[in-house]
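*Asks:* Feature table excerpt (TrEMBL):
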{"type": "TRANSMEM", "residues": "A:38-57", "note": "transmembrane segment"}
{"type": "TRANSMEM", "residues": "A:64-83", "note": "transmembrane segment"}
{"type": "TRANSMEM", "residues": "A:89-107", "note": "transmembrane segment"}
{"type": "TRANSMEM", "residues": "A:114-130", "note": "transmembrane segment"}
{"type": "TRANSMEM", "residues": "A:173-193", "note": "transmembrane segment"}
{"type": "TRANSMEM", "residues": "A:224-243", "note": "transmembrane segment"}
{"type": "TRANSMEM", "residues": "A:258-285", "note": "transmembrane segment"}
{"type": "TRANSMEM", "residues": "A:297-316", "note": "transmembrane segment"}
Amino acid sequence: MLNRFMQMRLRDLIILAVILFALPLFLNNPFHYDLATQMAIIAATVVGLNLLVGFAGQISLGHAGFFGLGAYFTGIMTSNYGWSSVPALVVGAILVGIVAWIVGRPILRLKGHYLSMATLAVGFIIAIILNNERALTGGPDGMPVPAFTVFGWELSPFGSYNLLGMELNGSEAWYLFAAVVLLVAVWLAQNLIDSPIGRALRSVHGSEVAARVVGVDTARYKSLVFVVSAIYASAMGSLYAHFQGFITPAVAGFDFSILFITMVVLGGMGSTMGVILGAVVLKLLPQVLADFQELETVMFGAILMLTMIFMPKGLLPTIQTAVGKRMKKKAGGQA
Amino acid sequence: MFAEFLQYLFTGITIGATYALIALGFTLIYNASHVINFAQGEFLMIGGMATVSLTAMGVPMVLAIILAVLLAGVLGILLQRFAIAPAKQADVVTLIIITIGASIFIRGLAQLVWGKEYHVMQNFSSDEPIRIFGAVLNSQSLWVLGIGAILVVGLVLFFTRTLIGKAILATSMNKEAARLVGIRTQLVLMLAFLVSAVLGSVAGVVVAPITFTSYDIGIMLGLKGFVAAAIGGLGSGMGAVVGGLLLGIVEAMAAGYISSDYKDAVAFSMILIVLFFMPRGLFGAKVVERV
Amino acid sequence: MSALIEVKGLDKAFGGVHAVEGVSFSVEAGQVYSVIGPNGAGKTTLFNLITGLYTPTKGEIRLKGESTAKLEPNELAERGMCRTFQQMQICMNMSAIENVMLGRHLQLRSNLFTTLFRLPSLLRDEKSCRERAAELMEFVGCGEYLDTEASAMSYGALKRLEIARALAADPKVILLDEPAAGLNAVETAALEKLIRKIADQGTTVMLVEHDMKLVMGISDRLLVLNYGRVLAEGTPEEIRNNPDVIAAYLGG
């Protein structure tokens, strides 16, 4: 028996895979590939954030803090201590998960704007520490991060690779890697949503009292999803650091946190495919607007405002509703 | 020792008074509409920048200030009318993103008009600092405190003595009931944004000679105001004032005695500690959830 | 044997107002026990206290002899207490059957690992959970809605759905807060049958209800509240003939 989520999951994963692997047909230089790779990594981050914001209904205005911690843990361990990438990513993610659990427990008791305030504060504190611990992080000037390595095999934007007979340059190889990572991130997120844990999370958003009186320990589930989304952010931060080859404390900063949450809200809270679209749109928009030079900021602000005013549910849900209505009309007309 | 402490205290109270005014702006809008206005800091920026550029064009200081405050007020009304009002059904987060969009938009405009440079504004009165027990007090600090106090007293009178003020309060307590007794709630909301923008821009003007001003000062100042409002308890006027002063003083002390690199970290840690023990801030109302 | 629910000298004040004051009573296992009284008598407050949503100002509640003072609502659910709400609490962001499956939360053993990788043990659990949820939806009479979005269901169907969700937890006692409110006569008759069926299965039922006909026909005992205090307690027969109750209800 296929339930609603099963169908949606398969459909979404297939659509996403097709798009991701067809995209190279339209990418014709390393710059395009690099942009697409960034998008995929950021998209995977917001897929994780969406579990917290979209499904459990808890706001975080400080998620870049976890992203930055992951990025810097990887940077420091691989360049200063000679760790390999995978252990750095995994240990970093576990440590960030622990940090998230420790700070999450008390702050997730807070509601609404107080929670946004507290998460914002956590993000800020992390960014300030990264900025000031110069000996470790290089301070505001940032630090270089070596290429991604697994068992001595190196994935560098400047390398060249051979995959099943295909000649790939470093940018193309990174893109494929990031695409697979995004697919896995989506698959895991979907598994989590369509499960008893996922129901408990969504019930926290739907009606917290209802959840509690049927036995859901809501505090525990809020912490759990906070930790999971922080781990997503940390792991993607690690990859981002390798891919960029250089990181500054800005990756943990307020602007990045706001960018993440905006991607979730703009794309469509609670819609995994929606938030990926949000990530793509918000990464592309500055590229498109760059032609307008000094008008860029004004136009970015205006577009953001107008989209949210006229599509408060977010891009993808609004589009889906509109398409759904159209289809119904058509079906009705034919009958 | 004492002189040093006094010095930090002066700095803290001055910047704290500014935070208090921003926090009051947050509180006003929050009470009227339950929106956290992330564009609040931009009102300060507008106040400072417009005054600087108008005086540079030869407009007398007082007139320049009045025009700057008017400009911010108009902006406040526009913000309510065209960004907040049409989205009243939206989620809390969606509203946050809308106000963030608005703040980016305003900042972009400011950058277009005034460029990215820092601007210096003259003290209102003498540049001669005042010495008290070995500590130095910038004369502009007195202006900040004086005008801050006048605004706070004015607000108190406004809310307790005038019909319009009471209408805003009534709307904040129960929108439906307010509408039933004939209060035009849309007008009240607009008014709340107007008053909030005026408060913000005045704060921006008085503090500009101390902090300098540029198109992007609104971000951090706005956030600090939000921190102050949350420390005090969202929706509490008293909380906003206490929260602002407390935040300013703690920051100045942290910068002086610990490290100026970590003063913001101390401020943000303070809000976490306060919320840990008092989830609704120092003066926040206790709410019983009805089911 | 001690009663299933024992309430002693219960007090709840909001500010200076006593919503519930000096209330004592006990409910035996297997009973249908109703709480009635005019609006504002403190019935819902009493339910909120019993289910742990409010903390009493004074007094004590015992569930199977255990004091509930330190227990969260979810811990009470673990001990077999479930409820519905006067203002329905349905998760509108889920489908109908997911709401009921949520009710079986405590019966499921899943951890993050089996969930993330969707291991067979999880799938088996989910399958039986879904079957049980579907059964319960049939039982309460909204079996036709299975995969309908909760937000697309009618008020009456949602009321039944909420009962199904509470039953999904296999409760020993279920508290129904005004289940008949807003229902028409046909729906109310169906509800009466449903409550009887629930009671016949051995589940204790506590009921807050305004519909006197329903309450008098179905209850083993009744508690009458007025301004937060107990006005009377007894069998339907005793309540019907109690002069205080008659005075209160006929505007004495």
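Each residue, glycine too, has its Cβ placed from N, Cα and C.
What TrEMBL says about a protein is an automatic prediction, not a curated fact.
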*Asks:* Top stretch among A:38-57, A:64-83, A:114-130, A:173-193 for CB pairs under 8 A with the transmembrane segment (A:258-285)?
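*Replies:* The stretch I would name here is A:38-57.
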*Asks:* List, by number or range, the same-chain residues at least 6 past the transmembrane segment (A:89-107) whose CB is under 8 A from its CB atoms?
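*Replies:* Here the qualifying positions are 66, 69-70, 73-74, 77, 115, 118-119, 122, 219, 222-223, 226-231, 233-235, 237-239.
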*Asks:* Which range wins on Cβ pairs under 8 Å with the transmembrane segment (A:64-83): A:173-193, A:224-243, A:297-316?
*Replies:* A:224-243
*Asks:* If I count Cβ-Cβ pairs under 8 A between the transmembrane segment (A:224-243) and each of A:114-130, A:173-193, A:297-316, which range comes out on top?
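*Replies:* Of the candidates A:114-130, A:173-193, A:297-316, A:173-193 scores highest.
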